[in-house]
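**Student:** Attaching a single structure in structure tokens format; questions to follow.
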Amino acid sequence: MGSRSSTRIPVPLMLTVRVMLALSCVCPTSALDGRPLAAAGIVVTGDKAVNIYTSSQTGSIIIKLLPNMPKDKEACAKAPLEAYNRTLTTLLTPLGDSIRRIQESVTTSGGGKQGRLIGAIIGGVALGVATAAQITAASALIQANQNAANILLLKESIAATNEAVHEVTNGLSQLAVAVGKMQQFVNDQFNKTAQELDCIKITQQVGVELNLYLTELTTVFGPQITSPALTQLTIQALYNLAGGNMDYLLTKLGVGNNQLSSLISSGLITGNPILYDSQTQLLGIQVTLPSVGNLNNMRATYLETLSVSTTKGFASALVPKVVTQVGSVIEELDTSYCIETDLDLFFSRIVTFPMSPGIYSCLSGNTSACMYSKTEGALTTPYMTLKGSVIANCKMTTCRCADPPGIISQNYGEAVSLIDRQSCNMFSLDGITLRLSGEFDATYQKNISIQDSQVIVTGNLDISTELGNVNNSISNALDKLEESNSKLDKVNVKLTSTSALITYIVLTVISLVCGILSLVLACYLMYKQKAQQKTLLWLGNNTLDQMRATTKM
């Protein structure tokens, strides 16, 4: 296969803006129309928004791990809080030590700085091997060093507050939000209730909740046992640590509600621990999230193919899996550079490939330009549901209607059958019963036939078979050629020499000249003979007239 030319769009922020401005000049168009393609076995399964991103925004979240109890309930919760505090220190001290080692590696100036940095990273990695991702994480950790130091200056005030969420701004170079999942629990359970609780019940409630949170902490930091501080935390881990308070930071950083679910699903929001203070039980995490640009006039359209019936057997259409359309331009979209969610595609760069005129014409609705590859496998998908209806190849499988009862037949030469509630309310296919609620309106093309010229060979076995047929044809041609050669061998070569041919040509020319002269001479003699006949006839008539005149006298 030859290499394909591609359209590449990198994603520096300025270029992102330029791309969006350029595309905004294109008039919006509807998505790829799948109605004329469905009966040809090409099904448009859905569209997704196309976004480009670059990781550029950061913010800090300071997690208050140890809650402040109300004064009148401190004694009741003292025992579980002390046990919880000891467990926290044991669990997170390796993380804090790793962070300090990496951050202190930049204290040396000159050429020793890089060496100490790599040494600190290697020292925190099992087997002494640091990956590129770990080095990147360590570099980000060092860049956040000053911010972490400023947060530690405010640790006493952060630890003393009873607020579950509040902003920390003094001396910080980026947005920081202090949150406390356990503080939220204490506030909800004890500070905002007038109900009197006995000490045993308070101890039990606090102990159970702290144990649950410890379990979450262990789950979050379990992968960091071998390389503390160098493993990124996922958005799920951040939510486990901060609870619903995480939304406050994301909103402050500019993440809208319409994008939040897609960004969470994409995994583009990550966090790196930047500090841990065992005295106040504060855990600082730098959160990185992308700057996302939505290309409003560009969408990704997903295509699926069914095995259709042709006179050459079963075949599937040769079309891309994903295409994108901007204005009147349709190109294949490479999704290997993207992160996919239910509704969106997030690209670090956009790569498209131009399509051949035949495929372009096919996807534009000209089904006679579609090309198909033979697929005679028994497991090839012969049916697909679409908006409450079914597109099925009833030549490959038995299409049974339960309401009204009957077998749905497919006409000869018809590629697939479009089955909706107008033709069948309850549809049974391969043991699966479906109640149809959709309808194929008049805009859907039906009764499409695939011509023999549209079916080509692409599979290895089919190509081998075709090559065998070609070899047989070549063998037959060689036999005919050999027979012709044997006949030519019987020809007298002397008679076909150059001099003999020249002699034949000269004699032929002389014969033609003689023939022409003979013909001219014959014509002349005939003309002369006719003239003599006319003269004799005139003389005879004249003599007869004279004799008649003499007789009368």
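Each Cβ is built from the backbone N, Cα and C atoms, and glycine gets one as well.
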**Student:** Tell me which of 142-170, 171-199, 374-402 corresponds to the coiled coil entry in Swiss-Prot.
**Tutor:** 142-170
**Student:** Do you know which of CYS338, CYS370 Swiss-Prot records in a disulfide with CYS362?
**Tutor:** CYS370
**Student:** Among ASN85, ASN447, the glycosylation sites in question, whose Cβ has the most other Cβ atoms within 10 Å in this structure?
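**Tutor:** Max Cβ neighbours within 10 Å, all protein chains included: ASN85.
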**Student:** Which has the fewest other Cβ atoms within 10 Å: CYS394, CYS399, CYS401, CYS424, CYS523, the recorded positions listed?
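**Tutor:** Checked CYS394, CYS399, CYS401, CYS424, CYS523; of these recorded positions, fewest Cβ neighbours within 10 Å: CYS523.
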**Student:** What three-state class does DSSP give CYS523 (S-palmitoyl cysteine)?
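**Tutor:** Its secondary structure by DSSP: helix.
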